[in-house]
Amino acid sequence: MASIESILTETRVFPPADAFARQANVSGMDGYEALCRQAESDYEGFWANLARQHIDWKKPFTRTLDESGAPFYKWFDDGELNVSYNCLDRHLASKGDKTALIFEADDGSVTQVTYKELHARVCQFANGLKSLGVEQGDRVIVYMPMSIEAVVAMQACARIGAIHSVVFGGFSAKSLFERIEDARAKVIVTADESLRGGKAVPLKHAVDEALAMGDTSCVERVVVYRRSGGDIAWGGRDLWWHELAQTQAETCEPVWVSAEHPLFILYTSGSTGKPKGVQHSTGGYLLGAMLSMLWVFDAKPDSDVYWCTADVGWITGHTYVAYGPLSLGMTEVIFEGIPTFPHAGRFWETVAKHKVTTFYTAPTAIRSLIKLGSDLPAQYDLSSLRLLGTVGEPINPEAWMWYQQVIGGGRCPVVDTWWQTETGSHMIAPLPGAVPTKPGSCTLPLPGIMAAITDEHGGPVEKGHGGFLVIQRPFPSQLRTLWGDPDRFRKTYFPEELGGKTYLAGDSAHRDDDGYFWIMGRIDDVLNVSGHRLGTMEIESALVANPRVAEAAVVGRPHEIKGEAVVAYVVLKGTRPVGEEAKKIVAELRDWVGKEIGPIAKPDEIRFGDNLPKTRSGKIMRRLLRAIAKGEEITQDVSTLENPAILDQLKEAVK
Ligand code: ATP
Ligand code: MG
């Protein structure tokens, strides 16, 4: 018995507005269902047509899907293409002078580049990499701040068939070392420092440290982009970006690669164990990026100003910053800073300044902005917005409502996009002109994505119950393997228990009567309370629905009688309560959860903090909170926490 009980009911439904539906790339449920039917009746034909329609192939493919080596699937593998050509060259004739990137720096200064300029810079850097001996298949680590140059570096690798592995600039030297070692990188591209919220973060210094940590003899050169001009140490393999690139030719013939050639490796955050080097393909990945831009973001290349706030260090910054928008010839904002610098209205000011139409961010950013109140966004002109997106964690229904009403003015569809580093592009998300949305649900799978919920043997789960979220057919943008570790790839994502061909996502979810998917949390986080298996998301959402509460995280702690007790960590909208006041609010919140979803979910204990511990990508670290709830010694790496002092607050029970 591994099904998970669903206890939260959410009944609000928001059908697409007529005006939006009329102009949408996919309009009405008929439009959506027609695409789904095409995929069901001729699965390979469906993908093959789309791949021919949207991608420029140097050599057309004749084979669509090769399942002979399952789960090592191949898509379009005898076709040849280049991603950088698809993102840049093919737009030059029609929109060479169009703005490709609007770079909004930490201090608010703005730099714009056109498609023509971006193409020239990518070619120069690609030629520079070639002059260093970088060849097709070589690995290049990109450890950069959010910048035009980060995108140039990634596109330049793609242009010459080198495999980039971007490491988030907030990661420590140790994490960087592990990734350099695992990927056996030939070149590292970095900057002297990055600037975040007015503070300099030493990147080059971290590279120097990483290179001293073990055998890094694979690394031949370190290319340094001068961002801040801060002091850095200089060694024999170091080389300035501008010195490398400025003398190079502004054209560079793309290297045409097989659709299955690895475009990049991206290590997942790896909260436990060795990080996993998720390896993506060229053709299938590009197709996933393009289709989801068109379907889920309803991309209108000629009129949209698109802004995804994710760092290029995450998959979101790959698919929805570095590749997706450029492949369609869009104008996009690239943001260096943080949401609250130099003031808490920075996001909304930036939307108004660049007349952003499409805004994509994470629930953590939304929740922290909710805490600051609704008056703040009201001070800015947000009327340019037409679509809002969210990714990274389940968005609690009340946070969704705030986003939809306060930021979207009730006018913009909200697309809650469920996907993962491993899936490469959106998997379950509303097509905004077609699928009615429900706060807290990522709604329905994209056409062609055969998502389902099963028990641990791959069998169906009872109605109203949750289970394992799986994808039952291979799809073009999925990971191809884990770099250098095919066994781990197979065991982690295609376990024998599910037949060896079904993709196991690692999240739990349930479906409602309309077939909508509701993510309940990660399988590892499921609680077992008196024989009831509960996802973390629903109890957290019930807490966030209380007007006092800004954020909540729920974990289990062993309990003699019940199996597990529910421990909730809560951040209130006001200040952190203590003493009698804290006790009063605990009682109130326990009652509230009892009434919202039932007595079984009532937290046994509630603790208050000014904030919650998050990963660098903004996800709540429930594993860490579990250790704190048990009173265990903390063994996790907490060096990357923005504010480690909150851990002491969270260790304190309300007495
Ligand atoms: P690691 O695998 O190393 O622990 P990670 O899973 O946090 O890292 P990502 O691939 O960036 O790294 O995140 C994917 C996960 O994020 C999903 O499996 C899911 O748990 C969560 N997630 C992403 N988007 C959504 C969403 N819209 N709704 C609910 N959960 C989401
Ligand atoms: Mg994951």
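Here the Cβ of each residue, glycine as well, is placed from N, Cα and C on the backbone.
Automatic, uncurated: that is what TrEMBL annotation is.
The ATP site in TrEMBL is built from Gly392, Glu393, Pro394, Asp416, Thr417, Trp418, Trp419, Gln420, Thr421, Arg522, Arg533 plus one of Asp381, Asp507, Asp512, namely Asp507.
Across the structure, Lys619 (N6-acetyllysine) and Arg522 (ATP binding site) are spaced 12 Å apart at their Cα atoms. Take Arg196, Gly197, Gly198, Lys199, Thr316, Ser530, the residues named in the record as contacts for CoA: the widest Cα to Cα gap among them comes to 50 Å. Helix, strand and coil counts from DSSP across the domain 'AMP-binding enzyme C-terminal' (538-619) read 29 helix, 26 strand, 27 coil. The separation of Trp419 (ATP binding site) from Lys199 (CoA binding site), Cα to Cα, is 32 Å. For the recorded site, Lys199 (CoA binding site), the DSSP three-state label reads strand.
Taken in sequence order, the binding-site residues Arg196, Gly198, Thr316 that lie near ligand 1, meaning a CB under 6 Å from one of its atoms, form an empty set. Counting only residues at least six positions away in the same chain, the Cβ atoms of Thr316, Ala362, Pro363, Thr364, Ser617, Gly618, Lys619 sit under 8 Å from the Cβ of Gly392 (ATP binding site).
Take Gly392, Glu393, Pro394, Asp416, Thr417, Trp418, Trp419, Gln420, Thr421, Asp507, Arg522, Arg533, the residues named in the record as contacts for ATP: the widest Cα to Cα gap among them comes to 27 Å. The binding-site residues recorded for this entry are Pro394, Thr417, Thr421, Arg522, Val549, and the Cα of Arg522 lies nearest to that of Ser530 (CoA binding site).
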